[in-house]
């Protein structure tokens, strides 16, 4: 492509002509603002060049449940926190030069779950609903098939380890939860997080926590941070039998530490933000940080209650400082996992708070990385059924009422759900009435938005539409259209010259 002062651009045997403002009569101020905005964006687009370097490092950010509606609403929320209208702003990844869309369906489901989607984008194979790190030959609950290693799907993290790279996993969920588990585990059921959850169906299979500590891939992860102490038999509070319990009586944290010592490594296990701040990456080979017995608290609760739990940003920066020691490079998965949980409970403010926390982690990471040799990806595994609706005025509070119904004379919030626990209807005979949202505190982090179809607590469903993927760094132009979700792992492997999909010139 050849351009002269943005006036004439010759590309693929076609000629495009761009006119300067000077070629027109002076524009009114209101029009000039949008004209200048578009011209600046056009100039930036024309300066984009593909980076064909090998990706020495890959940092993969996953917003669990962060569909396009959630991302758009979080963009507005972020701007409004700064006193702006909000619509004009950007999340960090929305300025990446390359993006595409991913089709999220499972092999056997039109609307997916997080285990099967994680297997797709981390292992390169679409699989069945609720199964993890296995191919479609393994159906839900089929322990016998899951034990057959021929059906196990290696992950991008495993490929990185085999290439001599250091690896890390950071999440705000339990470290044995669906997304992080897909990097190291193979299971016919995502809920088999500890042996107490295997039940009769899972007898003979290794639970996910055991695979983390003693599995070939899990035991070699250099940095692990998230929640889930109870799954490893190291809970600090009395165990909740409904959550998970180690019936075998093992403390897998102690097994983890013992294994590292036997191999001659230095290892640190930390349980709060103060302990984490005292860890020296240069003097430590392995780090295990488990900051809650189950998932980490929601970001808004963490801040408001001043809990001794590190933020996603803090965990991400710590992980990067550990992994950057590797001469061969590294792979890091960072999951903002509780976006999903807030949306399941119809809690928009908490979901947006989690998304902004992910944005802060991405911004901080970009300051630490060299994009000439590091690929950074931000995507989601699936969406949710939250929608932005009505015709609110520009700059209207994204968490507030946005429009008025002419049928019942009541306002309704801009963010609502098609199903979930937030249904607030009453009936008198054949008439149904909804609760007036003006009687509720819409700014509360525990406010549940209205849902059309009633479902139980934490029971709003995923959405089935495509999700966006954003990329910057080496070979990020490989993300450029609508892709199958399992394409992601192959594109990453090709970019980094690792795994089965590495390029022929590696």
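For all residues, glycine too, the Cβ spot is worked out from N, Cα and C.
What TrEMBL records for 114 is active site, phosphoserine intermediate.
The Mg(2+) binding site annotation in TrEMBL covers 64, 177, 179, 335, 344.
Cβ environment of residue 462 (Zn(2+) binding site): 65, 111, 112, 113, 382, 383, 384, 385 lie under 8 Å away, each six or more residues apart in the same chain. Per TrEMBL, Zn(2+) binding site is recorded for 64, 340, 381, 382, 462.
Taking the mean position of the Cβ atoms of 64, 340, 381, 382, 462 as the Zn(2+) site, the remaining residues of that chain whose Cβ falls within 8 Å of it are 65, 66, 112, 113, 114, 117, 339, 380, 383, 384. Among the recorded positions 64, 114, 177, 179, the residue whose Cα lies closest in space to that of residue 340 (Zn(2+) binding site) is 64. Between the C-alpha atoms of residue 179 (Mg(2+) binding site) and residue 114 (active site, phosphoserine intermediate), the distance comes to 6 Å. Here the C-alpha separation of residue 114 (active site, phosphoserine intermediate) and residue 381 (Zn(2+) binding site) works out to 6 Å. Remark: residue 344 (Mg(2+) binding site) has 65, 384, 420, 458, 459, 460 as non-local neighbours, by Cβ distance under 8 Å and separation of at least 6 in sequence.
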